[in-house]
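*Asks:* Take this structure first; my questions come after.
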Amino acid sequence: MNQVYNFSAGPAMLPAEVLRRAEQELCNWHGLGTSVMEISHRSKEFIAVAAEAEKDLRDLLAIPENYNVLFCHGGARGQFSALPQNLLGDKSTADYIVSGYWSECAAKEAEKYCTPNIIDIRSNTDGITSVKPMNEWALSSDAAYVHYCPNETIEGTAIFEEPDFGDDKIVIADYSSTILSAPIDVSRYGVIYAGAQKNIGPAGITVVIIREDLLGKAHKHIPSILDYTVQVKADSMYNTPPTFAWYLSGMVFKWLKEQGGLQEISKRNLAKAELLYRAIDNSNLYINRVALQNRSIMNVPFQLVNPALDGKFLEEAYAHGLHALKGHKVAGGARASIYNAMSYEGVKALVEFMADFERRNG
């Protein structure tokens with residue numbers, strides 16, 4: 001079978017080594033004669049899996065001891081609802097930084113529970129998209145927290161600054177598409193959350209990292225499954241968790257440590273992104289419409305100067321083993337998502353195909 005590279009924005013490709021190991025263990029996990037999918041989440045064997053996954057994640061991100069790590073259901077959209085219900089307390093507003101589609105979705109969901117102060121930081125100059133730096137964010141004095149998304153997958157925009165708004169600001173960040181791609185100073189945040197299906201593991205599990213002092217503030221009518229305090233007390237097993245996704249996520253954490261940790265992964269990711277952006281910028285057929293300082297390392301959207309070639313480009317790319325390059329319906333064009341599991345060789349194969357396609361169609 002020819003090599004296939006999956007550029008999907010999510011669910012995204014998983015490390016080949018992880019998939020091979022999962023295949024080997026699928027029907028007889030640890031000599032039990034059964035799959036890890038079939039054992040009780042309360043068995044000593046699975047509790048060990050869960051504990052090791054948390055330990056490895058803590059090691060990778062250097063998570064301080066005063067933070068709890070949860071493995072939840074519901075994806076990032078579930079957290080859009082959980083956050084205000086857990087953290088508003090007696091306040092009626094929160095700052096929502098809107099930099100793209102997903103942060104706007106979070107703000108819209110928050111409207112069910114409060115009157116969010118929406119701060120739109122998007123800018124467009126001559127067709128080039130950028131986002132305002134943090135020192136230009138007009139934060140309110142009475143907000144329960146500040147919510148933002150460091151990486152917008154659809155627009156391909158990124159915020160590389162880490163927050164420094166003072167100790168009185170509780171910062172919440174949706175790291176779904178960029179977690180584990182580079183080191184993070186977790187201590188700058190009150191809550192970090194991330195859907196698994198991009199850089200953590202398969203769809204079905206969501207990581208929530210929450211500072212201990214933020215627990216115990218949930219609204220009295222919050223569904224128990226969304227209550228962080230309930231989940232902490234239950235070790236993320238208030239109900240049956242997505243055990244296979246948890247197991248595979250733990251294997252990805254182990255793989256990341258084996259690669260040299262997040263410093264090494266960050267170097268690889270930068271090299272992949274630089275290769276692809278250089279190919280786009282040096283071409284006459286492809287264009288990326290994001291300002292240099294805000295270009296995402298994880299998600300690279302690009303358009304063909306002649307949109308009539310979009311279908312042909314995507315069809316031929318697929319035939320060459322370059323899959324899932326179609327841009328989001330909101331943005332159109334093409335998009336290459338180059339998360340941790342995407343190899344440099346995969347990006348090189350895409351760049352070589354793009355050059356060949358331009359020679360034949362430019």
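Backbone N, Cα and C define each Cβ position, glycine as well.
Bear in mind that the values here come from a model prediction, so they are computed numbers and not experimental data.
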*Asks:* ALA76, ARG77, TRP102, ASP174, GLN197, ASN239, THR240 bind pyridoxal 5'-phosphate in Swiss-Prot, but which of THR115, THR153, THR157 does that record place at the same site?
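*Replies:* Same pyridoxal 5'-phosphate site in Swiss-Prot: THR153.
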*Asks:* Provide, as an integer number of angstrom, the distance between the C-alpha atoms of LYS198 (N6-(pyridoxal phosphate)lysine) and ARG77 (pyridoxal 5'-phosphate binding site).
*Replies:* 15
*Asks:* What Cα-Cα separation, expressed in whole Å, is found between ASN239 (pyridoxal 5'-phosphate binding site) and ARG42 (L-glutamate binding site)?
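*Replies:* ASN239 (pyridoxal 5'-phosphate binding site) to ARG42 (L-glutamate binding site), Cα-Cα distance: 10 Å.
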*Asks:* Going by DSSP, is ALA76 (pyridoxal 5'-phosphate binding site) part of a helix, a strand, or coil?
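*Replies:* Looking at the DSSP assignment, ALA76 (pyridoxal 5'-phosphate binding site) belongs to a helix.
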*Asks:* Could you tell me which of these recorded positions, ARG42, ARG77, LYS198, has the greatest number of Cβ atoms within 10 Å of its own Cβ?
*Replies:* LYS198
